[in-house]
């Protein structure tokens, strides 16, 4: 992440939005004052000390690589007389037919050894020695042999943590360690006073409870670690284009081998070390490897390309010379540990809550222990005197201390920040199945609060399956149909005009025509390039003949800033010609001539220019993207390094490209509006095209504003403040305009903004936004690295699904906090009050440990994994600054706590009289009944917590098997504890009337919940709602 922050700062002047590590370190120290298990609380976030070491390693390696390159350049001057290391060919290499040692080949590229490369015959010689062809690549049948000799393209990874390491981490809990000591003391004293086996029951019960807590915790954490590992592997899946078996195909970087011919384009991350074959204007950013911020120009004179670097501009083909651990990038990556995730905002907030509650619990625990001890001493002093002590007295004090420590175990809600991780991990897994790869934990959480989505048009709102629908040429507009267009154009334009059109299409394109296994031709490239090239092929044009007839001298690839692509070609007659294709308004401004029907270049009059603009607007009003194609004859002595000219062009044609709106987008936009989320379309297209698509999607409303990027950029700060909230469409925009829009929405109005992007130049906006969403199909690797979420199917409806799950995460954690705080309050108060009044705690250490497991691990599993429902998208997003614990939650917490305290207090102080329980074991029966009723109150309150405002808490419960399984397991184990484990848990078996009473008292919590939800409270809104969002209704919702 540090490399990306530096890249954005140096190239786009965009500061990092994440907190510094020093701030994170101070925060952890602050919340670490009351921590049961610091290692577990901060498990899923980075080890800051290790991360610092990793950064030092990266800087050291970068410095070594940089110095090595300088030294190597100097050493070449003096290397003639030096004795060179000889690399021998092994029998396996010779048998396979290769003629170069793997280590020698790897060093040629990594050391930029031009002399060694020349000695081997240059790039051509290397390709012969590794049995590869620039045109046909390698044969797939050779993959195993090449991997055995030259290696696989994988880096050595540190082994995953075993299950027993998670068990060890769970045992680091300081309060569990203290309880273990208490249990051992209890066993020792018990054996001395009561003998075997009765004397060890109390201590053994605590030990078994600790074992159960540790094992459940370790299993939960281990499963989460496997899930994160799986998601991490998904993040590393990158696909690239190679030429194999004579055809271009897409493969995983892990399947790459030495000899492969790789196609590189803007935004790609170089997957392996290689040598440049040919290309156009290739600029490589090596800052991730060498630390140098200036891009490196790669050509046939300097053909070395290193793994881990990024293509900043241009395109090229390279031959792979080293993979995996034979690359410098592989060696660097293998030394680094897993980075971990920075704490999410919700984790930070809940860490603070857990610490505050922990301090309160510590005070209650100390007071409870002191009260119990003082009462014991008073009673002892009044009976036998303080001078006479027995071993049973020591056992009593040990049990008091164990109870106090257990109160801390229950009071410190260690499960709060961990529940966030569990809920996020569950959501990330589900989103992965729904075509959304969450790269950063915080993104899933933050997306639930998004109030604005700034989305691209092409491929996100539309299908990205483009076809040329209309064409204007020689002042004639034609609708395109595959069967008749060739004949229709021949009837209105001359063959020379048609030939010029086809030359412009075939030469000025980044798409390629490739042959599949069955011999059929397929066009590869961006959707726009494919559409135009397929149109040219539909005109019966001979792509291969045109490709062979002309030589490309210079290519300026399309990017979102220039909005055009230019190519300089050398014609067979010795002359040169520029072809330029791009945004209609930009290309038209560069033209002062046009091609007539006879193929002649004629001056472009103002009337003709106006008619052409009307044609462009007409195409755009039909929701067609428009592109112009033009050419310019140039002198033969032109400077190859000069940029393409910006004037003097002759207009050839205008293409109207159709890109239909994706099915379901209109409904998704409607869902956003009902959820209080504003959708703003930001596109580089013509404003009329953008408005037509926006209206079709339901984005542009009657009071919405559609504006062009240049006009938006020219606005003053005050004008922008008045305008920005009403902007729904921004056309002809640059990446900088998108970044400005995001910055102002966040800065001026405190909006939570999500942004989609696919190009390298979208990196600043993706990084600036609260949630960056990169396209998985059309997106470059640079865009993906800048993003928080990768939308694998490039579909807008998938983005809405991310928002839906984000809201589910936030609401689920609120449910869990409501449930846990209720348990905390009741457990603390009932034990403290009982200690003060009666002189004993009704809930023992073993019982409290079981309650803690219900509350922490099982409660988190049940409530933090609730799937989203449609109601979540009918309420406004949570605004920045709103309290996490709302008034609705406090109403439910206090109401349920008062009810439970009343019931348990009645049983404690009047249970024997009210229930007519008599006999020697009446006290044990009452305490067991209190414990059983307390647990069933939590079981039914867990059901209550499924809905914080709605009365119907059973909606969708059948479909949530995790919740049902947790409730069933809790009830089943409670029966086992009461009926069969009484010796260890200090309980006695209950009759059916007492069981019915316990379940009945617990179930009344459901009725209490209905009554509480009928009590109106304030909405709890703490911040302004600039978009006019409607606050949630008070009181109960519809059932």
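Cβ atoms are placed via backbone N, Cα and C, with glycine included.
Range 407-427 is the one annotated as transmembrane segment, of 302-322, 323-343, 386-406, 407-427 (source: Swiss-Prot). As annotated in Swiss-Prot, transmembrane segment covers the listed stretch 892-912 rather than the other ranges in 766-786, 787-807, 871-891, 892-912. Transmembrane segment is the annotation Swiss-Prot gives to one range among 199-219, 220-240, 430-450, and that range is 199-219. Listed in sequence order, the residues of the same chain lying 6 or more apart from residue 758 (Mg(2+) binding site) and placing their CB within less than 8 Å of its CB are 456, 459, 774, 775, 778, 779, 780, 783, 794.
Sequence-distant contacts of the topological domain 'Cytoplasmic' (220-250), counting only residues of its own chain at least 6 positions beyond either end whose CB sits under 8 Å from a CB of the stretch, comprise 40, 43-44, 135-140, 160-161, 163, 166, 169-170, 256, 260-263, 268-269, 271, 317, 338, 421-422, 425, 428-429, 432, 437-439, 512, 514-517, 524, 781, 857, 861. The topological domain 'Cytoplasmic' (1-175) scores a mean pLDDT of 70 in the predicted structure.
Non-local contacts of residue 762 (Mg(2+) binding site) by the CB criterion (under 8 A, 6+ apart in sequence, same chain) comprise 560, 735, 738, 755, 774, 783, 786. Residue environment of residue 456 (active site, 4-aspartylphosphate intermediate) contains 26 other Cβ atoms, counted within 10 Å of its Cβ in all protein chains.
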